[in-house]
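**Q** Handing you a structure now.
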Amino acid sequence: MSASSLHDIEAQSSPSSTSDSETSTVLQPARSNQGGVHSDKEHDGYRPCQCEDGLRRLSRPGLNRSESIVARVRSRPTVPRFTHPLAREKTSQDQLVDFDGPDDPYRPINWPMHKKVSTTLLYGLVTMSATWASSSYSAGTDQVAEEFHVGTQVAVLGTTLFLVGFGVGPLLWAPLSEVYGRRIAVLIPMFVAICFSFATATATNLQTIMITRFFGAFFASAPVTNTGGVLGDLFSPAHRGIAMAGYAMAVVGGPTLGPIVSAAVVAQPWLGWRWTEYLTGILQSFILLMAIIFIDESYPPKLLVSKARNLRHETGNWALHAKFEEWDVSISELSRKFLVRPIQLLCTPICLLVALYASFCYGILYMQLGAVPIIFNEIRGWGTFTSELPFIAILLGSITGAGINIANQFWYNKAYHAAGDRAVPEKRLPPMMLGSVLFGGSLFMTGWTAQPDVHWIVPVIGLYLTGTGFNTIFQAALNYLVDTFQMYAASAVAANTFLRSCFAAAFPLVVSPLYHNIGVGPGSSIFGGFACLMIPVPFIFYVFGKRIRAGSKWSKASVF
């Protein structure tokens, strides 16, 4: 909507009215009219008239002219309330543009499988490049601290602020994806994030690093936030679990591969920490270019808007439009959906406990950015690069976890079809039940075998189990929230995203002083104890989940 249109609407809705003198000034006749006589067409009531009779009509009660502050400043005349002879007629169904049936190939869910796979892969790579940036900085924190003469804990704030940005960004990008579509709400923010990656690489002081890291994450959170919505556009519940497994790998791939590559860069004296950021920006640029070329819009309402626009131009029937175009975007509505409603959902037992558990596991994953170097570099004496290699074990464990989730999808499909093609949330939980046991045990195993007198493969196996447990819990939790809250799924995912970013931001700051003060074993036991306390969560919801869902207004729609 143009600025002039906004002005006109604001002016006609203003409660204040002008005096008669102001009215006559605004409607000064452009030409004389003998006797003030006009045709009926000129007095149709749908546009201002400049004759004496027209002025008398506008001065009657109910037709007072008004001016807003903006109109006064701009010295622009106001206009009467807009109307039209057909304004009170409702839109007929024949004028609404929709898909041509459930099998319409234009619908994203009916796209060819190769296009679905390529779209998922590209969005996954964009997501991985964003999460890569969250961890690539960690390998160079010692060099940052040395260059700018600050403590290591201060330098670690670069990672913490990045993860804070990851938590704040979804509050903007999630609503934008439902207004402007997935593609714009992901690719444009990622371009800005790339600019901040290069800005970090060229920073001349610590303040610039911290600011650019935060805003880089704020914009880079767009693909992390909206890729789940893309998968919902492309896949039915019967196939979404497999796609989510691939997406979860992208979420894990960045934090596990980033430190390894960055450590190799930092180990070269002619490169240093700045090249970890240059490399991040280059990687993000290449992936973004591929995404711009090959990714198409997948948000069904936006596709229907494009279809309606093409039909209007082809047929000349300007009444044709998509239902989405009737939506008057409201800031209050978007705020309620992505700010207020997530908080309301967190007051329900399912959303609170499941999101809390997934967020705790996500925080543990980022805690390893500080824990792995302490165990393998400081305690075992490995080199800068080799001490980051155990992250591969977390990645391999995550691949195993993805395999478990995919296997569960086939079992889920049987329950899904048996229920009349309706989601059965509790059937998403078996991988989470297995992963909860593996995850809790892995933290004790890694912590208490960190000493050099224990073979290095033992803590590495512990990290492998951490990756397996994380992926099974993380993906199952996301699927369970989507199936449970259905029409409120976007709000539930927003609550989960914000909460997990808070955990991920805090844990890297905690791990170093905790391990150095009380030891790796006792420190890991604290986190392992919390993980064990969360083990009953999936078991409780597997048994009582349907009853709990039925008792909440947010989730009772998923009960049948």
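Keep in mind that glycine also has a Cβ here, set from the backbone N, Cα and C atoms.
Quantities reported herein were computed from a predicted structural model and do not represent experimental measurements.
Residues or ranges marked as region 'Disordered' in TrEMBL: 1-58. Annotated compositional bias 'Low complexity' per TrEMBL: 13-25, in sequence order. For 26-36, the entry in TrEMBL reads compositional bias 'Polar residues'. According to TrEMBL, the transmembrane segment annotation covers 117-134, 154-173, 185-204, 210-232, 244-266, 278-295, 345-369, 389-411, 432-450, 456-481, 488-511, 523-544. TrEMBL lists 119-549 with the feature domain 'Major facilitator superfamily (MFS) profile'.
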**Q** Would the transmembrane segment (488-511) count as touching the transmembrane segment (345-369), i.e. at least 3 C-beta pairs under 8 angstroms with sequence separation of 6+?
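**A** They are in contact.
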**Q** Would you say the transmembrane segment (488-511) and the transmembrane segment (278-295) are in contact under the rule of three or more C-beta pairs closer than 8 Å, pairs 6 or more apart in sequence?
**A** no
**Q** Below 8 angstroms Cβ to Cβ, which residues of this chain, lying six or more residues outside the transmembrane segment (432-450), approach it?
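**A** Long-range Cβ neighbours of the transmembrane segment (432-450): 357, 361, 364, 371, 375, 379-380, 401, 404, 458-459, 461-466, 468-473, 476-477, 480, 520-525, 527-528, 531-532, 534-535, 537-539, 542.
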**Q** Considering only the recorded stretches 210-232, 244-266, 456-481, 523-544, state which has the highest number of Cβ pairs under 8 Å to the transmembrane segment (185-204).
**A** 210-232
**Q** Do we see three or more Cβ pairs under 8 Å linking the transmembrane segment (117-134) and the transmembrane segment (389-411), pairs being at least 6 apart in sequence?
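**A** No, the transmembrane segment (117-134) does not contact the transmembrane segment (389-411).
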**Q** So are the transmembrane segment (488-511) and the transmembrane segment (244-266) touching or not, going by 3+ C-beta pairs under 8 A with a sequence gap of 6 or more?
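**A** Counting Cβ pairs under 8 Å, fewer than 3, so no.
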**Q** Determine the mean pLDDT over the domain 'Major facilitator superfamily (MFS) profile' (119-549), rounding to the nearest whole number.
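**A** Across the residues of the domain 'Major facilitator superfamily (MFS) profile' (119-549) the model's pLDDT averages 90 on the 0 to 100 scale.
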